[in-house]
Amino acid sequence: MEQSPLALLPELCLLGGAVVTLLAGSFLPRQRQWVARLVAVAALLVAGVSAALAFPRDAPLGGVTETVFGAFVLDTATGVTRLVVVAAVLLVIGLGVDELAGQARESETYTLLLLGGLGAIVLAATDDLLTLAVGFLLASIPVYALVGMVRSPGAAEAALKTYLLGALSGILLLLGATVLSGIAGGTAYADLATGLAAAPAAAVAVGALAVLAGLLFEAGGVPLHQWVPDATQGAGTAAAAFLTTVPKLGALVAAARLVDVLPGSLPWPLLVGLLAAATMTLGNLAALAQTDARRLLGWSTVSQVGYLLMPVAVVTSTSAATPALLVYLAGYAVTNLTAFAVLAAVPGARSLTDFRGLARQRPALAAALVISLLSLVGTPPTAVFLGKLTVFTAAWDGGLAWLVVVAAVNTVVSLFYYLRWLVEAFRPGEPAATAGWPHAAAVAGALGVLAVGLGAGLVTALVGDGTLG
Amino acid sequence: MLSSIIFLPLVAGALLAVPAVPDRVARWTWIAVTAAEVVLVGVLIARYETPADGDLAFEERARWIPSVNSSWHVGVDGLSVPLLALTAVVFSACAVYGLREDRRPRQHAALFLALQSTCMGLFAAQDLIVFFVFFDLSIVGMYAAIAGWGHGRDAGRSALQFFLYTFLGSLALLLGFIGLYLAADPHTFDIPELVAAAPLQDHPVAGGFVLAALLLGLAVKTPTIPFHTWLPPAHTDASAIGSAVLAAVLLKMGTYGFVRIAMPAMPDAWRGAAWVVLAVGIASVLYGALVALAQTDVKRMIAYTSINHMGYVVLAVGAAGLLGTGTAARELAVTGAVTQMVSHGLITGALFLLAGVLHDRTGSYAMRDYGGLARSAPVWSGLFAVAAFASLGIPAFSGFIAEFQVFAGSIGTTAWAAIALPGILITAALFLRALQLLVTGLPGGRSIGFSDVRAVEAVPVTGLLLLSLAIGVLPWLLLDLITPASAVLVDLVGR
């Protein structure tokens, strides 16, 4: 047990960075808000470097992992989440520069991005129900504000919807935490593991499902997904990119940690597997009909949560589950952000037909779109292919072969809408006005997607055989 | 050696993707690279010595994803060398034919070079994930080729149908691969290790499911009945060289998967499924021939004869799973199957290129629109007649060698295989009918003013047909490569 607060240096960097960004932004004239951006980026870079240095290289597999204050686990999962969150927020800032520069609330946006990222890390790293509740609030409140940052009727409606669902699921999560800690006699997961074994199954079910509901809201999984497409469509592009990526990183790792300690009195793999199947199927079917690119990505991200829930379902039954989850999370994050970077690079384009002429006018951007969408489908040699390969393997190994078949069929369904978008991009059409920074972010993201896919050996070595601490 | 053969076209294609390259340079670079590939594969064959049982020649291995025991593992044996050679030859023929392409020639050359890399990589892959990567990328490349350079109003739609069908197949294949991986102890994606271990040998139920997934995936790609419906529209709407590559090389990926992965790694399950495979093969042969007979569109007709010809391969690999009679017959069947893959590639590639000439001149594939082409286009008619006779299995061409071995081997194993014999007769009838409609008589309809083939069209077709003739006259050149490998394969299936 280490109590050194320095072990939390990445988190402290994000927190400090958020405060300094906010303060700096308050005193800066509107034309010089870029200083606040620099502060935020610097904070992220320092957080990233310290997270890389603190990466648990020799973490004893499945053995005792370091914790800080008894509630913050420093294992491979935390290490990977930290790195991915930091990289994701950096990409969000990169793709959002042109959109946010000179806006009234530019520095506030950066502050919210940093705080939301911090919340996601806390969610992923904690093994205590109370800290989980704190992480939930820290991860979700910035999202409400980010969605409402654009002053449009759509954004206002989306923010309200997100807030209401978030408040409801927050209450559910607190209720579940209360029930679980009440019957287990403690809030730490270690207490849950021992205390729940002999507890009545019904009470465990109510408590655990309520906590899971909160995490499903954060991740955007069925049945608490309704806010995702609205918020993705209504919010600004940078905010949409953030809310479809970063909160999931924290929520899914948190869900895996929770499912890992639940007693076997209920068939948790089956229950989570059913949730996964419902999430991917609903997300895909709803995405089929979309003509707005943002809304399409909103539904696509719901379906991706379904695949991400597959390793969560089998986390107790196979050691391959956690590495698979981490690989998929990293691959999904870089892929999804690349797709959003393409959106940000063509600010005027809303519907799929607005992308006509992209291949002719902006071949690099079109290539980034092709790579990101094919990656979302799961075509090799891209990042999500590696994710799907590991996740399918883990789910099958964990005894959910039927879920793997459902996921494969779903993948074929998803082809319809991703290809529809690609076909539009390759049709002749009017030249689209593009923005500079997001263009660079999209190309960088596309290279990242290929790097994760081709550098599969490195990525899987990083996540190792890590089990949850 | 092998890695450079695989990646040379990809690297060249990536360089061509740079917008500053002039079209003329792109066209000739494409030809130069495919010619270099032919030379490289020629050197490979010259230096190839049949490896010891179960070993590989020109093996290369590098770390890739060690945590799941997947590596960059390539190597060749008698089953893959003929297909590598076929790929190199067909793509260089297409490069020459592609000199006439005036729609975005630079991107066109880059795309086909990339596609060539995926085909080379697939036939050399000795790791399931490497195999799958190339399998999927070939689908993406072919989709772009049909959607971007196909003709006809429905090219986009046909491309989408092609993609959806074959992608579904590839996912089934992936499920099968994961099943094999999980069954092996220790878990591995390495094909030689899986073949040596035959992991699902004593698990009939799990083995049945995994083999079903593999069969589904490969059957879609081959294609066999009832998964063939994507093929005719894809061929009709693809460009001439798109069709040629699709039929000559991409269809072989399915049947190659049978002999490389499904049969040796799951002998027990394969023997169990052999009657089903045999029946599907017979059905494909007869159905493909009958439907081809009913076509009025010459390109669709050739597409359906592909189903018929690939049916012979399926028939033979099915027969190879029937134990009980001597191994000699089963070895003959497997050898015939691999020979048929090569033969079909050469002949059908030539036929599709010739059909492309029709569309290029008049925009129509309807056989009734023509007539008397022998007068207005004697060289075209001569080449088409030779290709048609080669395709219907006349002696002296590769098709005869292949079909003779397929039937001798299969009927030697089970008399039921003889049901497929009428397929040859129907194929003969339909090609003769096509010749009669297109070539004979007085010039009429669109034949009037039809200009004969140019050199860039005649040279690749002639090259392909000469190779088919060479195999037909000197079959031992090819059979010496294949026979040892099919003996090993039959041994493995008999385990």
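Every residue gets a Cβ built from N, Cα and C, even glycine.
Here the transmembrane segment (A:6-28) has long-range neighbours at 35-36, 39-40, 42-44, 46-48, 50-51, 54, 66, 68, 72, 74, 82, 86, 106-108, 110-111, 114-115, 117-118, 121-122, meaning same-chain residues at least 6 beyond its ends whose C-beta is under 8 angstroms from one of its own. The feature transmembrane segment is assigned by TrEMBL to A:6-28 (among others).
The annotation transmembrane segment is assigned in TrEMBL to A:35-56 (among others).
For the transmembrane segment (A:76-97), the residues of the chain that approach it from at least six positions outside its boundaries are 10, 37, 40-41, 44-45, 47-48, 51-52, 54-56, 59, 109-110, 113-114, 116-117, 120-121, 124-125, 236-239, 241-242, 245-246, 249-250, 253, 256-257, 322, 325-326, 329-330, 333-334, 337, 340-341, 344-345, 437-438, 440-442, 444-445, 462-464, 466, 468-469, judged by C-beta separation under 8 angstroms. Per TrEMBL, the feature transmembrane segment maps to A:76-97 (among others).
According to TrEMBL, the feature transmembrane segment maps to A:109-126 (among others).
Per TrEMBL, domain 'NADH:quinone oxidoreductase/Mrp antiporter transmembrane' is recorded for A:127-413.
For the transmembrane segment (A:132-150), same-chain residues at least 6 beyond its ends with a Cβ under 8 Å from one of its own Cβ atoms are 105, 108-109, 112-113, 115-116, 118-120, 122-123, 126, 156, 158-159, 162-163, 166, 170, 173-174, 177, 211, 214-215, 217-218, 231, 234-236, 239, 242-243, 246-247, 250-251, 254, 258. Taken from TrEMBL, the feature transmembrane segment covers A:132-150 (among others).
Under the heading transmembrane segment, TrEMBL lists A:162-184 (among others). Only residues 6 or more beyond the boundaries of the transmembrane segment (A:162-184), in the same chain, are considered here, and those with a CB under 8 A from a CB of the stretch are 129-130, 132-133, 136-137, 140, 143-144, 147, 191-192, 194-196, 199-200, 203-204, 206-218, 224, 226-227, 230-231.
Through the fold, the transmembrane segment (A:196-217) approaches residues 123, 129, 132, 136, 140, 165-166, 168-170, 172-180, 183-184, 223-225, 227, 251-252, 254-255, 258-259, 261-263, 265-266, 268, 272, 275 of its own chain, all at least 6 residues removed from its boundaries and within a Cβ separation under 8 Å. The transmembrane segment annotation in TrEMBL covers A:196-217 (among others).
Taken from TrEMBL, the feature transmembrane segment covers A:238-256 (among others).
According to TrEMBL, the transmembrane segment annotation covers A:268-289 (among others). Proximity of distant same-chain residues to the transmembrane segment (A:268-289), defined by a Cβ-Cβ separation under 8 Å and at least 6 residues beyond the stretch ends, is recorded for 208, 212, 216, 221-223, 225, 229, 255, 259, 262, 296, 299-307, 309-310, 312-314, 316-317, 395, 398-400, 403, 406-407, 410, 413-414, 416-417.
TrEMBL lists A:296-314 (among others) with the feature transmembrane segment. Taking Cβ pairs closer than 8 Å, the transmembrane segment (A:296-314) reaches residues 219-222, 225, 228-233, 240, 244-245, 248, 252, 255-256, 259, 268-273, 275-284, 286-287, 290, 320-322, 324-325, 328-329, 332, 336, 339-340, 343, 352, 376, 384, 387-388, 390-392, 394-395, 397-400, 403-404, 407, 410, 414, 417-418, 421 in its own chain, all 6 or more past its ends.
Residues or ranges marked as transmembrane segment by TrEMBL: A:326-346 (among others). Sequence-distant contacts of the transmembrane segment (A:326-346) (same chain, at least 6 residues past either end, Cβ-Cβ under 8 Å): 76-77, 80-81, 84, 87-88, 91-92, 94-96, 98-99, 237-238, 240-241, 244-246, 248-249, 252-253, 293-294, 297, 301, 304, 307-308, 311, 354-355, 358, 362, 365, 368-369, 371-373, 375-376, 382-384, 386-388, 390-391, 432-435, 438-439, 441-442, 445-446, 448-449, 452-453, 459-460, 463, 466.
The transmembrane segment annotation in TrEMBL covers A:440-463 (among others).
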Six or more residues beyond either end and a Cβ under 8 Å away: which residues meet both conditions relative to the transmembrane segment (A:109-126)? 10-11, 14-15, 17-19, 21-22, 25, 36-37, 39-40, 43-44, 71-74, 77-78, 81-82, 85-86, 88-89, 92-93, 96, 100, 103, 132, 134-143, 145-146, 149, 215, 218, 238-239, 242, 246-247, 249-251, 253-254, 257
Give residue numbers and ranges for long-range contacts of the transmembrane segment (A:35-56): same chain, 6 or more residues beyond its ends, CB-CB under 8 A. 7, 9-11, 13-14, 16-18, 20-21, 24-25, 28, 65-66, 74-76, 78-79, 82-83, 86-87, 89-90, 93, 97, 106-107, 110-111, 113-114, 117, 462
